[in-house]
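Enquirer: Take a look at the following structure, please.
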Amino acid sequence: MLEVVLQVLSISAITTTIALFFCGIPICMQIRRQGAVGDISGVPFLMGVLGGSFWLRYGLLKMDYVMIIVNVVGVACMAFYCVFFLIYSLPKKTFTCQLILVTSTIGGMVLWIALKPNLDYLGVICMTFNIMNFGAPLAGLGVVLKNREVSTLPLPMCVANFLVSSQWCLYGNLVSDIYIIIPNGIGMFLAIVQLALFVVLPIRENEKSPLEKLASWFTGRDSKVKDLERGDCIVSSPPSSPQKVPNETRSDVEDKFDKLMAETSSTIPSDSRRGSMGSPPSYKSRSSSDPDLSSIQSP
């Protein structure tokens with residue numbers, strides 16, 4: 001039964017680890033769109049080549065075919081990513097020096113194991129490099145904390161690190177290899193720290209982090225803001241107190257009346273004013289042709 005579990009876990013670890021190696025493809029595509037590496041760090045690729053080469057030599061020395069298959073694919077992928085990163089890096093001097101240093105270290109290790117093979121010494125070195133490899137994405141942690149966003153931290157690689165390290169930690173327990181258990185246990189912890197950054201920090205600037213979005217959803221604050229943007233929520237203003245009309249005195253009313261009469265009299269012609277108001281009305285005497293109204297009696 002244990003052999004079946006080990007075989008299934010070996011296939012699963014090989015599959016997920018190779019999938020981890022392909023997580024560098026989105027990073028390379030982002031570099032190509034930008035035309036330069038920008039703030040993206042090439043340390044994960046360098047550590048992938050370095051750690052993969054040491055683990056490959058460890059697997060060959062131990063004759064562990066699971067580790068041999070995984071690390072052959074891993075070294076090939078990471079070497080391709082390093083060449084791609086070198087093409088787009090400006091200036092190239094820094095990354096070139098780092099690449100030469102990594103290559104020299106691998107060459108020294110191969111020569112040392114060929115002259116004096118020691119599985120324990122090599123296991124300790126592999127364990128150290130593996131821990132550094134899991135923490136390699138933290139090299140860009142300074143940029144993440146400075147910008148307060150995690151766009152430069154590769155999420156697929158962090159997730160894959162967590163899955164792979166947990167499987168290899170279980171694999172190390174089954175094969176009783178302390179050099180596999182310790183680094184992958186630490187790798188699980190580092191992966192959890194990296195994933196926690198994606199929860200507390202936003203992906204891009206001027207955006208909310210997933211934790212803030214969850215808090216807004218629980219409190220309902222986000223829905224209130226959307227209602228205000230749509231104009232659904234109308235805030236009623238308190239009723240305004242009626243304006244008080246100032247009290248007018250009797251003299252003010254008389255002044256307004258005199259002014260109104262003066263304006264009215266100015267619009268009437270002088271002849272009309274004189275005929276209508278100055279002289280009494282004239283009456284015409286009755287002529288003989290006019291009818292005598294006195295003869296008309298009332299009924």
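Glycine is no exception: its Cβ is also placed from the backbone N, Cα and C atoms.
Below, the features straight out of Swiss-Prot:
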{"type": "DOMAIN", "residues": "7-91", "note": "domain 'MtN3/slv 1'"}
{"type": "TRANSMEM", "residues": "8-28", "note": "transmembrane segment"}
{"type": "TRANSMEM", "residues": "36-56", "note": "transmembrane segment"}
{"type": "TRANSMEM", "residues": "67-87", "note": "transmembrane segment"}
{"type": "TRANSMEM", "residues": "95-115", "note": "transmembrane segment"}
{"type": "DOMAIN", "residues": "121-205", "note": "domain 'MtN3/slv 2'"}
{"type": "TRANSMEM", "residues": "124-144", "note": "transmembrane segment"}
{"type": "TRANSMEM", "residues": "155-175", "note": "transmembrane segment"}
{"type": "TRANSMEM", "residues": "180-200", "note": "transmembrane segment"}
{"type": "REGION", "residues": "230-299", "note": "region 'Disordered'"}
{"type": "COMPBIAS", "residues": "247-261", "note": "compositional bias 'Basic and acidic residues'"}
{"type": "COMPBIAS", "residues": "276-299", "note": "compositional bias 'Low complexity'"}
Enquirer: Under 8 Å for C-beta pairs, could you tell me which stretch among 8-28, 36-56, 95-115, 155-175, 180-200 has the largest tally with the transmembrane segment (67-87)?
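Expert: Result: 36-56.
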Enquirer: If you average the pLDDT over the domain 'MtN3/slv 1' (7-91), what number do you get?
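Expert: 90, rounded to a whole number.
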Enquirer: With DSSP as the reference, give the number of residues of the domain 'MtN3/slv 2' (121-205) in helix, strand and coil.
Expert: 70 helix, 0 strand, 15 coil
